[in-house]
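Trainee: Next up is a structure, given as C-alpha cells.
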C-alpha cells in the first residue's frame, strides 16, 4: 500500500463568492444604500482586528466575469470562527442583495513531500509558521481554483510510491520557483471539507502571470497526468467599497 503524505495544518480557510443583485440594489433609496455599505465596511474593519492580534486575516476582491462579483477570503484559527463570520455577513441588510454563487472550505496546508531531514518541531520554525499562519498580501489581482489529483484506471496519484510522488512534486515546485516575486501562492487542503482536494489561491500585481504559470505547469508531468481542475476565479482588489456599490442615477 502506498503511504499517505503527512501534512502540517495551519489556519482554517473560507472563500466566499457572491453575485450582487443589482436590480434590487438599484431600488434601494440612496441614503439606505449608503448606510448598508457603511455597515458592511464596519464589519470588515472589525474582522480585520484579527490580523493585528495574530489570529487570522482576510481580503476582498471584485471578481471579473459572471461567476461572481465579490470574493471574500477569510483565515481563522478555528473552523467555527469562519461559520460565525459567514453568519455575521448574512445578517447584514446589504446581504439581502447578495446571491451566494460558490464557497470553498479548507485549511492552510504544507505537505512533507519537500521536507528536509531536520528533527526540529516544524511548528516552531518561523519560516513554516509564516506559511501556515500567513499575512495575506495586498496585491492587485487574485486567482482561485480548486483541484484534485487524478485517480482512475490509467493514472492514479494515490497508487504511486512516496518516492515517485516526491520526485514529481519536486519538479512541479521548481516551475513555481521561477515565479517567485511575481506570484504569491497559498495551498489549502480540503479533503473531507469540500468537493475538491485542494484550493489554490494566487496573488499578483500582473494578472497575466496567472495565465503564464498555469500554462507552463500544464506541461509538467504532475499536472499533465494527475491534475484535475475546477472553475477559475479572477478578481481585482477593492480599494474603496463605497465606489463598488455606487449607482449612476443620471
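Counting starts with 1 at the first residue shown.
Each residue, glycine too, has its Cβ placed from N, Cα and C.
When I checked TrEMBL for this same protein, it listed these features:
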- 145: active site (ACT_SITE)
- 131, 145, 146, 147, 148, 149, 172, 185: Fe-coproporphyrin III binding site (BINDING)
Trainee: Please state whether DSSP places residue 147 (Fe-coproporphyrin III binding site) in a helix, a strand or coil.
Mentor: strand
Trainee: Counting distance between Cα atoms, which of the binding-site residues 131, 172, 185 is nearest the residue listed as 'active site'?
Mentor: 185
Trainee: Using Cβ-Cβ distances, find the residues under 8 Å from residue 172 (Fe-coproporphyrin III binding site) that belong to the same chain and are at least 6 apart in sequence, listing them in sequence order.
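Mentor: Residue 172 (Fe-coproporphyrin III binding site) has long-range Cβ partners 217, 220, 222, 223.
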Trainee: Report the same-chain neighbours of residue 185 (Fe-coproporphyrin III binding site): residues 6+ apart in sequence with Cβ closer than 8 Å to its Cβ, ordered by sequence.
Mentor: 176, 200, 201, 202, 203
Trainee: With every protein chain in view, what's the tally of Cβ atoms within 10 Å of the Cβ of residue 149 (Fe-coproporphyrin III binding site), excluding that atom itself?
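Mentor: For residue 149 (Fe-coproporphyrin III binding site), the count of other Cβ atoms within 10 Å is 19.
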Trainee: Using only the Cα atoms of 131, 145, 146, 147, 148, 149, 172, 185, which the record gives as binding Fe-coproporphyrin III, return the largest interatomic distance in Å, rounded to a whole number.
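Mentor: Between the outermost Cα atoms of 131, 145, 146, 147, 148, 149, 172, 185, the distance is 22 Å.
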Trainee: Only counting partners 6 or more residues apart, tell me which same-chain residues put their Cβ under 8 Å from the Cβ of residue 148 (Fe-coproporphyrin III binding site).
Mentor: 196, 197, 198, 227, 228, 229
